[in-house]
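Novice: Just lifted these from Swiss-Prot, have a look:
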| type | residues | note |
| --- | --- | --- |
| TRANSMEM | 44-64 | transmembrane segment |
| TRANSMEM | 210-230 | transmembrane segment |
| TRANSMEM | 241-261 | transmembrane segment |
| TRANSMEM | 271-291 | transmembrane segment |
| TRANSMEM | 311-331 | transmembrane segment |
| TRANSMEM | 344-364 | transmembrane segment |
| TRANSMEM | 389-409 | transmembrane segment |
| TRANSMEM | 761-781 | transmembrane segment |
| TRANSMEM | 790-810 | transmembrane segment |
| TRANSMEM | 822-842 | transmembrane segment |
| TRANSMEM | 864-884 | transmembrane segment |
| TRANSMEM | 888-908 | transmembrane segment |
Amino acid sequence: MPSPAGRLHRIRYIRLKKSSPDCRATITSGSADGQRRSPRLTNLLVVAAWVAAAVIANLLLTFTQAEPHDTSPALLPQDAKTAAATSRIAQAFPGTGSNAIAYLVVEGGSTLEPQDQPYYDAAVGALRADTRHVGSVLDWWSDPVTAPLGTSPDGRSATAMVWLRGEAGTTQAAESLDAVRSVLRQLPPSEGLRASIVVPAITNDMPMQITAWQSATIVTVAAVIAVLLLLRARLSVRAAAIVLLTADLSLAVAWPLAAVVRGHDWGTDSVFSWTLAAVLTIGTITAATMLAARLGSDAGHSAAPTYRDSLPAFALPGACVAIFTGPLLLARTPALHGVGTAGLGVFVALAASLTVLPALIALAGASRQLPAPTTGAGWTGRLSLPVSSASALGTAAVLAICMLPIIGMRWGVAENPTRQGGAQVLPGNALPDVVVIKSARDLRDPAALIAINQVSHRLVEVPGVRKVESAAWPAGVPWTDASLSSAAGRLADQLGQQAGSFVPAVTAIKSMKSIIEQMSGAVDQLDSTVNVTLAGARQAQQYLDPMLAAARNLKNKTTELSEYLETIHTWIVGFTNCPDDVLCTAMRKVIEPYDIVVTGMNELSTGADRISAISTQTMSALSSAPRMVAQMRSALAQVRSFVPKLETTIQDAMPQIAQASAMLKNLSADFADTGEGGFHLSRKDLADPSYRHVRESMFSSDGTATRLFLYSDGQLDLAAAARAQQLEIAAGKAMKYGSLVDSQVTVGGAAQIAAAVRDALIHDAVLLAVILLTVVALASMWRGAVHGAAVGVGVLASYLAALGVSIALWQHLLDRELNALVPLVSFAVLASCGVPYLVAGIKAGRIADEATGARSKGAVSGRGAVAPLAALGGVFGAGLVLVSGGSFSVLSQIGTVVVLGLGVLITVQRAWLPTTPGRR
């Protein structure tokens, strides 16, 4: 049973009119028609299987997968460490787990006044209400404590920090940004005020984003160039159609495969990956077709090559590209991982080159026009002309000079914030560092704030850090009012006020002397008066006693007489109808006056008793008066002796108090704005309403976590990666004792992003180096160690030279540093197109040598056969430059390196490889 392209072993290429440059070759078969049917059916089944696989795969993708969401940025890796840090920050402070930061900026024509705050508050409130697109808002300007951090130097702008939904550099973040800007546009206008959103470049920058029509344009141009290369190599239009059909089937199968591998996490580089996959697929299949044509041309009049003989030609381009792109699925940088995703398309193209491409060629039939050799030495033949060693050395020297700018290369992660509008109103780098400290205890007490102050001091000492916003430094700098030196200044003011009140006190003390003398005279007069009164009272008491005795005697006699008359009184009371009885009436007239006398005597006696009691009390009071007057005289004497001492003491204390007040005031002035005044915030100040906003925004809801924002100088580049470890070390040093012992430190923001990018780039650089060494080892196995080393050095030298020229162009001429992902992505694309160009040339030359013993002068050269990969790589790079519109984008930078690198690669191939001896 023949192979999927079993008919190929019976096809013979017959040269027609060998001397004519326009000759064509036709297919003839050495077998009978009956022997032809089974292989033809097999080839049809192969083609049908590919078509069915493409249709089924796309249908399954359509009905089983939801619409893909762009949740992965092109540069920021999402490793476990980053995810854990983001999760801890979001858990402590809900809504702030995103690294998509924006700033609300309210600008006025003049200095903002309190009457402008309602418009600012309305903008903040509107953003907080849009919970679908806004995670959290940190208000600065409305709080007097934090207002200095959110106010521009000229006082015309007020700022608030906004966390958007979605990760930086993703479509979700871009949609959130558009939404919040729309919210601000819907605010009622305020005269003289304008609200806008300022974002760091990393928030909304999607450097690898290509639109669908741009991708289609690049792929279409690549397909046209591939067809032109096929026609220039004297291949038929039918052969070009077979190449395009094979590429279409490969892409139709590769697209669902890539979707399955990547799932819903497409990322901003998905279209970029598909474009690269399409270009590499077209280039791979075109190169395989041209290599197969070269093999047939080299066969000459000998037996036609079998499928086994053609297998290296069909497999070599795809295998070389797949070896370099497939392992990039292990890359951590999303953009470079996207190149690995494009490698999936190359794997499918390799499979198509081994199956459906030979089948379509076989199905072309005997009447189809197939590859024929070119005559003469065309441009592909000239690529293989030997050159001198002097030329190789000269090329090496030029390459070394081109590499020199790499020495001063700067790695950028985002655009320089100083070039962004509104950057002058921000406290520092538009993307701050975030340090979250998680403790097992409540940190909302004076001791914990002292520890937070120590951490803030440590962090601001880290190189590049300008300001640190924390619960202890709410304005980004040491809080002067929350210090012992500031308290000393307030105490000095109080002492100064009290010292001024001592002068009237001394005057009053001096006047007390005369007052005491007057009081002493009055006491003497009182003493004399009391003595006279006491003597008079005693004399009156002597006259009162006989009167009281006589009154009591009269009362007694009256009582005794009443007892005698009681019988008569009782008879009168009990007599019936006394008024009509003469005797009873007469007795009653006698008794009634006497009763009146008895009643009067009783009242007289009672009054006498009261006079006696009052007299007794008066005598008792008057008797104690001399003693009380004596006590008053003694107290006055003590006061008289104390007043001079008090006057002397106050006069002596006044200079000391003034001196202490001056010393405390000078102490406060000397430590003002130094941050070394001894931080202290009392519990009363912690509970004060003026600190409420800081307490709520800088501590977690349970108080066990606090966050610090660090604003640094300069731009976000890979140099900031070192700051992440410095921040952890600095915070750890301040937490060896005190309230933050054994607390957990989490670093996020700019430093964490730079560190994650740096680690991912290092990992991916090592991965690319391993891949390159693997390719070199395989090339050495095919053609010898010298040729293998030449391939590796050639690709590396071409890349470094192109990178150096690009650095000179972008960094030194245009003042734009290369984005951090440009070197690796451009190297991956360059190597994917360049390594097959070099390796396939060596291998194709060996195949030709083994087939004929010598290369046919009229055949397409081995390097010329794989020229489509290099040419289409150049088309891809130039397309990236064009679709970026000539801007300073990452696509332009990648395209520049790729185009220059491929140009240098061709030069290196001409200068080095022909002079390199090979192993036979």
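Glycine is no exception: its Cβ is also placed from the backbone N, Cα and C atoms.
What does the local environment look like for each feature on the list?
Specialist: With a cut-off of 8 Å between Cβ atoms, the residues of this chain six or more beyond the transmembrane segment (44-64) that come close are 4-5, 249, 252-253, 255-257, 259-260, 352, 355-356, 359-360, 363.
Long-range contacts of the transmembrane segment (210-230) within the same chain: residues 239-240, 243-244, 247, 271-272, 274-275, 278-279, 282-283, 286, 289-290, 867-868, 871-872, 875-876, 879-880, 883, 891, each at least 6 residues beyond the stretch ends and with a Cβ under 8 Å from a Cβ of the stretch.
Only residues 6 or more beyond the boundaries of the transmembrane segment (241-261), in the same chain, are considered here, and those with a CB under 8 A from a CB of the stretch are 50-51, 53-55, 57-58, 60-61, 65, 68, 223, 226-227, 230, 273-274, 277-278, 281-282, 285-286, 289, 329, 341, 344-345, 347-349, 351-353, 356-357, 360-361, 364.
Beyond its flanks by at least six residues, the transmembrane segment (271-291) meets 74, 208-212, 215, 218-219, 222-223, 226, 229-230, 233, 235, 239, 242-244, 246-247, 250-251, 254-255, 258, 313-318, 321, 325, 335, 338-339, 341-346, 348-350, 352-353, 357, 371, 829, 832-833, 836, 840, 844, 860, 862, 864-869, 871-873, 875-876, 879 of its own chain at Cβ-Cβ distances under 8 Å.
For the transmembrane segment (389-409), the residues of the chain that approach it from at least six positions outside its boundaries are 797-798, 800-805, 807-808, 811-812, 817-818, 904, 907-908, 911-912, 915, judged by C-beta separation under 8 angstroms.
Here the transmembrane segment (790-810) has Cβ contacts under 8 Å with residues 396, 398-399, 402-406, 408-409, 772-773, 775-776, 779, 816-818, 822-823, 826-827, 830-831, 834-835, 838-839, 842, 888, 893, 896-898, 900-905, 907-909, 912-913, 916 of the same chain, all six or more residues outside its ends.
When Cβ-Cβ distances below 8 Å are used as the criterion, the transmembrane segment (822-842) is approached by residues 276, 280, 283-284, 287, 291, 316-317, 320-321, 324-325, 328, 333, 335-336, 339, 346, 384, 761, 764-765, 768, 771-772, 775, 778-779, 782-783, 787, 790-791, 794-795, 798-799, 802-803, 806, 861-863, 865-867, 869-870, 872-874, 876-877, 890, 893-894, 897-898, 901-902, 905, 909, 913, 918 of the same chain, each at least six residues removed from its ends.
Residues 210-211, 214, 217-218, 221-222, 225-226, 229, 233, 275-276, 279-280, 282-284, 286-287, 290-291, 293-294, 316-317, 321, 378-381, 383-384, 829-830, 832-834, 836-837, 840-841, 844, 891-892, 894-899, 902-903, 905-906 of the same chain lie 6 or more positions beyond the ends of the transmembrane segment (864-884) yet place their CB under 8 Å from a CB of it.
Residues 74, 207-208, 210, 383, 395, 399, 402, 794-795, 797-799, 801-803, 805-806, 809-810, 814, 816, 818-819, 821-823, 825-827, 829-830, 833-834, 837-838, 870, 873-874, 876-882 of the same chain sit 6 or more residues outside the transmembrane segment (888-908) yet have a Cβ under 8 Å from a Cβ within it.
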Novice: Under 8 Å between C-beta atoms and at least six residues away from its ends: which parts of the chain pack against the transmembrane segment (344-364)?
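Specialist: Tertiary neighbours of the transmembrane segment (344-364) are 3-8, 11, 27, 39-40, 42-44, 46-47, 50, 238-239, 242-243, 245-247, 249-251, 253-255, 257-258, 261, 274, 277-278, 280-281, 284-285, 288-289, 292, 307, 310-311, 314-315, 317-319, 321-322, 325-326, 329, 370, 832.
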